[in-house]
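The next block holds one structure in the form of structure tokens; read it before the comments.
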Amino acid sequence: MSSEQSLIPDAGVVDRSVPALQLTNIRKQFGGVVAIERFDLDVQAGEIVALVGDNGAGKSTLVKMVSGVYQPTEGEIRLQGRPASFRDASDARRQGVEVVYQDLALVDSQPVYMNMFLGRELTKGPLRLLDRRRMARETQELVDRLDVRIPSAKATIRELSGGQRQAVAICRATHWASSLVLMDEPTAALGVAETAKVEELIMRLRERGAGVLVVSHNLDQVFRIADRVAVLRRGRQVGVRSIAATNRNEVVSMITGLS
Amino acid sequence: MSEAGTAAPAISRPRWRAIDWREYVVYIGFVLVFLFFAVFLGETFLNPTNLSNIVIQTAPITVMAVGLVFVLSTGEIDLSIGSVVAVSALTGAVALRETDSALVGVLAGLAVGAVVGLVNGVFVTLVRLPSFLVTLATMGAVAGVAREISNLQSVPVDNETFLGLFGSGELFGVPGLIIWSVLAIAVGYVLLNKTRYGAHVLAIGDNIGAARVSGIKTARVKIMVLMGSAMCASLAGLLYAGRLHGARYTLGEADLMTVIAAVIVGGTSLFGGKGTVVGALMGSLLMGMLNNGLILAHLSVSQQMIARGLIILVAVSLSLREKRS
Ligand SMILES: Nc1ncnc2c1ncn2[C@@H]1O[C@H](COP(=O)(O)OP(=O)(O)O)[C@@H](O)[C@H]1O
Ligand SMILES: [Mg+2]
């Protein structure tokens, strides 16, 4: 990682005219088990799309294909209009896809700023020593700009609440994502007040230009934060609705298959 | 002290909670043991020659402790270091006997450590066995090799350059063994606290899943810490060979427990994610002081073993009771 790269992202760089993510004819089989039969979806830049479905419907499998953990058996993934294939998760990350995991991928004993730069630490000088001051400063600026309330960029993750930790994970993902942020149940482990804070943060990502695909079990949440909702039932895509043009009952019956 | 893992001050906590006395066990222990020997042994312990002897004799332990800090910080362990000391010292001594070149002797000794470390690393990362088992196995195998290549005989070393570098030599009046300790500590401190490598080592020990999805090459880092630890043990072997003017298969055989104790008492976590090089230095000096004091107190060898074991047990239990978070 070059140490010249700045932490503060420039939302203007994102090309909003092509979809951040396009999934076409995606199919995934594990041996004989068909996890995803067929799935198509576009996520626009600056758009939040929720992915819902019952347990075992295939939501996590889908997220893992887009984040490089699994490779699709068939179908095409395009990022910002260009075909993409990922060897592994860090390959996907290099291509601008960031993931917020449910089980917080943070290093507890390290400060917030080291987590923000985990795996891409900034260095200085010919000995390439860590530039802790600059990482702390840039992290503080980002956290302030996104209005995340943590004691300091130098606070150790262990000192933070669950909501603050998830906020740090989301900040990190947003900062590094050049095209897409994936979230698999980002608030599943949080209380009511903390969930509200994290939702606020997710909604603020819209302005930053990345597409957001968020898996959620919570329909109230989906209706609060998403622009569109895609429904999976037993590996099949049953429909995509604009939040403004649907309601809870319709989405519930799409999920369950009962009318 | 701005050691890794404890670098950030506890901002939101009351002061009394922010001070975790367990981090200072090694310093408290150091002072207490020093005072104890000073009072009961007096001049025999306190004279400058004895004190500098402690530091000199502890050099191999200090060097190995630095290597082990990295291994423990990734959440692994290396039990093979004691055997690597002997086999490296012997290989170095044999190479010196055959070629009379200090450079060849040193490279041969270090190469043995590199190979053992690589084998450990490959079995831990690619074959995915616990480092405890892998290094337990290599500990035995390497000890066997040391016996085999030496025929249970000691190999004398008389190469002047080598003896100057690793034994009795001095630089500006400072004994060479002390310089080696200082170098090991300085390099270890910078690597662990000031480089991306050190940050990755600590991240792996804390949350290997997070490290992996962040693009950190976890297998490569683990192989590197295990190679580093084995090569530190090789260097320790060369230091013994230099100081004793020869090598023998028994070298380093009692060092494993001492090194582990030094590192743990110093404040490095046995479970990864937290490591301190300065603490390890204090830990090994504490161990060296104990050794010295018990000998001066005229305890028999078996009494020394008992006393050392019990003291280590107390010290380790004081520092190991991990913080509940
Ligand atoms: N690694 C795997 N190997 C085999 N089957 C899998 C694997 N991962 C997921 N599946 C199967 O794929 C289906 C979808 O699982 P998943 O994506 O976890 O669902 P969701 O996240 O919607 O609850 C399930 O039937 C599950 O058993
Ligand atoms: Mg799931």
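Just so you know, glycine gets a Cβ as well, placed from its N, Cα and C.
What TrEMBL lists as transmembrane segment is B:24-42, B:54-72, B:79-96, B:102-126, B:133-152, B:172-192, B:223-242, B:254-271, B:305-321.
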Contacting positions for the transmembrane segment (B:254-271) when only residues 6+ beyond its ends and CB under 8 Å are counted
3, 5, 22-23, 25-26, 29, 60-62, 64-65, 68-69, 72-73, 75, 77, 79, 81-82, 85, 139, 205, 236, 278-284, 286-287, 312, 315-316, 319-320, 322
Can you say which of B:79-96, B:102-126, B:172-192, B:305-321 has the most Cβ pairs under 8 Å with the transmembrane segment (B:24-42)?
B:305-321
Recorded stretch, among B:54-72, B:79-96, B:102-126, B:172-192, B:305-321, maximising Cβ pairs under 8 Å relative to the transmembrane segment (B:133-152):
B:79-96
Counting only pairs at least 6 apart in sequence, do the transmembrane segment (B:54-72) and the transmembrane segment (B:172-192) share 3+ Cβ pairs under 8 Å?
yes
